[in-house]
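Chemist: TrEMBL feature annotations, pasted as is:
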{"type": "TRANSMEM", "residues": "57-76", "note": "transmembrane segment"}
{"type": "TRANSMEM", "residues": "120-139", "note": "transmembrane segment"}
{"type": "TRANSMEM", "residues": "145-165", "note": "transmembrane segment"}
{"type": "TRANSMEM", "residues": "172-195", "note": "transmembrane segment"}
{"type": "TRANSMEM", "residues": "294-316", "note": "transmembrane segment"}
{"type": "TRANSMEM", "residues": "336-359", "note": "transmembrane segment"}
{"type": "TRANSMEM", "residues": "472-490", "note": "transmembrane segment"}
{"type": "TRANSMEM", "residues": "510-528", "note": "transmembrane segment"}
Amino acid sequence: MRLPVLTWADCGQNSAEPCGAGAQRYALRLGPHELIAAGTHPIQTMGIKTALPAAELGIYSLVLSGGLAFAARGLLEASQDGAHRKAFQESVRPGWEYIGRKMDVADFEWVMWFTSFRNVILFALCGHVLFAKLCTMVAPQLRSWVYAVYGILAVGATMGPWYLLLLLGHCVGLYVVSLLGQPWLCLGLGLASLASFKMDPLISWQSGFVTGTFDLQEVLFQGGSGFTVLRCTSFALESCAHPGRRYSLADLLRYNFYLPFFFFGPIMTFDCFHEQVSQAEPVRPEGELWRIRAQAGLSVVTIVAMDIFFHFFYILTIPSDLKFANRLPDSALAGLAYANLVYDWVKAAVLFGVVNTVARLDHLDPPRAPKCITALYVFGETHFDRGINDWLCKYVYDHIGGAHSAVIPELVASVATFAVTTLWLGPCDIVYLWSVLNCFGLNFELWVQKLAEHKPLAQIEASLSEQMSRRARAAFGAVNFWAIIMYNLVSLNSLEFTELVARRLLLTGFPWTTLAVLFVTYCGVQLVKERERVLALEEEPGLDKEKPE
């Protein structure tokens, strides 16, 4: 089993309901998630080699394409109708003149990253790449020091020297505790340090260390502080796990102040980062530079595509006006809910894509980009940030849950992991609700799996052909997919908008809207399963392909 986890974005980015102190701008993108654990979810692997007839898959493709196009048409018309609404004035503003349409600017982070702070971010990252390249050519054994010095100077210039001293204090504190060799003490102090950046009065006091005021100040403060604590905790726990290696405070500072990862992640556990950055003469795999260029090009294309998209589809603004959203056709409302999760994934993919491109230029192997939300129909496989996923898996989830096959240990492990996740996001009502819903979803999957292993359900499935079994599982996957969407709308938009979508799709639209949406989703799940089947056969050619009937 795997567990959802998090990365960050706006908690309730389109919501009128604020998240607790300090968390309004720094919250969750854990949509249901960031998994926690390695391996493949058992629900996905069953019948992975089972093929369906090509004609059937073709019908699924047509139905899915038609359903998405129909929903997109409704959203486009709604965006056109609402462009001049008074309620949209704050978040729908003039965009590119040659497009001749207004633009949805409800997500201030996206707007800041790629307009106001675009040049600053590019300048900082390009400077890092330049100095890193020069050092790699002249003295590659010192490159980790160049990374750290440049990162420290950049953080000090951005946030001020007092903020830098504040983080150094947290680093030194966790380093000193690591010398005692007690993992429970290191984890406890790490969580206490994290809590100090998430709850008043300490968060208000510590935020005063930042010099000046600017639009992204709170985002950078929460990102830099939160990731610093996670990195320092990883260092301390790895020091306890390997007492013979004698890591130094300098190792911790080189790890923490690597600029591309500092503010926004992703996070690499200390052992992985230290091993990769300590290579005296790093060598690139064949074709690596081409892949880096392709990733950079894809990130640029995605940014431009999203900017164009926001000129035609106001998916972030519409949910904030419930009266207007309630007038949408059922298909458009379902598409709006789905589009909000896809956008959150795109936002994470672009952010990590840019950062990972720089990291790969530095001869690092960072966590891969998040898995597309469209391909996620199992709670245990839902993830956005693979780095935090690895962190929680290694230090909390696997440590408590063991093999993740027993119901009670899995429940305890998932509750503990979501407790840490709640602290990471900043405790508030919306985060509590998100955690409870997703913790339930993860454990419910295990309960269903255990139930399916016993009679009479096991006998019923055994009596079915493998193709029928795949179809039955895809039907359950469609229901699960919408549970994932609804549970994450709570954090990405608002509880009120989530209730509106649930009421329209499950109550007032029952049975035709409900069945239509589930059937389109079923078609999508089948296509995802087919893609998984093809990839599995490519990776393991020894698997016998099932012939379609």
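Sequential numbering from 1, following the chain as shown.
For all residues, glycine too, the Cβ spot is worked out from N, Cα and C.
Show me how these features fit into the structure around them.
Modeler: Through the fold, the transmembrane segment (57-76) approaches residues 312-313, 315, 318, 328-329, 331-332, 334-336, 338-339, 516, 519-520, 523-524, 526-527, 530 of its own chain, all at least 6 residues removed from its boundaries and within a Cβ separation under 8 Å.
Long-range contacts of the transmembrane segment (172-195) within the same chain: residues 202, 226, 229-230, 232-233, 235-237, 239-241, 243, 247, 249, 252, 395, 420, 423-424, each at least 6 residues beyond the stretch ends and with a Cβ under 8 Å from a Cβ of the stretch.
The list of residues near the transmembrane segment (294-316) in space but at least 6 beyond its ends in sequence, with Cβ under 8 angstroms from a Cβ of it, reads 13-14, 72, 75-76, 78-79, 82-83, 88, 91-92, 95-96, 99, 101-107, 110, 114, 336, 339-340, 343, 346, 349-350, 353-354, 356-357, 360.
Beyond the transmembrane segment (472-490), the same-chain residues lying 6 or more positions past its ends with a Cβ under 8 Å from any Cβ of the stretch are 30-32, 43, 46-47, 337-338, 340-341, 344, 376-379, 382, 430, 433-434, 437-438, 441, 445, 461, 464, 497-498, 501-502, 505, 517-519, 521-522, 524-526, 529.
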